[in-house]
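Visitor: Mind having a look at this structure? Questions to follow.
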């Protein structure tokens with residue numbers, strides 16, 4: 001289990017409160033699909049993913065990205081119990097979707113980049129470290145069923 005300090009929790013929740021989940025979620029998933037094109041195989045029913053502009057403009061990518069980032073909201077509400085929070089999603093991604101758990105880590109790293117671009121100077125080294133810790137812990141929780 002990962003322990004978050006009061007300062008880390010404050011850094012995470014402060015930024016999260018300012019986040020446009022719909023915009024950032026679509027951008028994060030879209031960038032994942034562009035930068036790591038092999039991840040597109042999990043989204044073959046999303047239509048046109050033939051180019052970066054097609055991916056970033058794809059309404060299904062944006063909608064699913066919002067859904068993914070909304071689940072990060074659950075992580076923020078339950079930072080002290082991520083394994084339980086993501087148990088069902090871990091099972092779904094492992095047993096039904098067969099998603100390589102490495103993809104969770106990649107998406108987390110993309111999310112940190114999105115945060116940095118959206119929040120600029122507010123995204124201090126301390127804030128970055130707290131978010132990196134969170135996305136890493138979420139990736140581990142999502143990959144739990146694989147072990």
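Keep in mind that glycine also has a Cβ here, set from the backbone N, Cα and C atoms.
Relevant sequence annotations retrieved from Swiss-Prot are reproduced here:
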DOMAIN    3-147  domain 'Globin'
MOD_RES   14  phosphoserine
MOD_RES   51  phosphoserine
BINDING   64, 93  heme b binding site
Visitor: Whole-number answer please: how many Å between the C-alpha atoms of residue 51 (phosphoserine) and residue 64 (heme b binding site)?
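Guide: On Cα coordinates alone, these residues lie 18 Å apart.
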Visitor: From the Cα of residue 14 (phosphoserine) across to the Cα of residue 64 (heme b binding site), what is the distance in angstrom?
Guide: 24
Visitor: Can you give me the same-chain residues 6 or more apart in sequence from residue 14 (phosphoserine) with a CB-CB distance under 8 Å?
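Guide: When sequence neighbours closer than 6 are ignored, residue 14 (phosphoserine) has 127 within Cβ distance under 8 Å.
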Visitor: By a 10 A CB contact count over all chains shown, which of the recorded positions listed here is most packed: 51, 64?
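Guide: The residue with the densest Cβ neighbourhood is 64.
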Visitor: Helix, strand, coil: count each for the residues of the domain 'Globin' (3-147), based on DSSP.
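Guide: Within the domain 'Globin' (3-147) the tally stands at 120 helix, 0 strand, 25 coil.
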Visitor: Need one number: mean pLDDT over the domain 'Globin' (3-147).
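Guide: Across the residues of the domain 'Globin' (3-147) the model's pLDDT averages 87 on the 0 to 100 scale.
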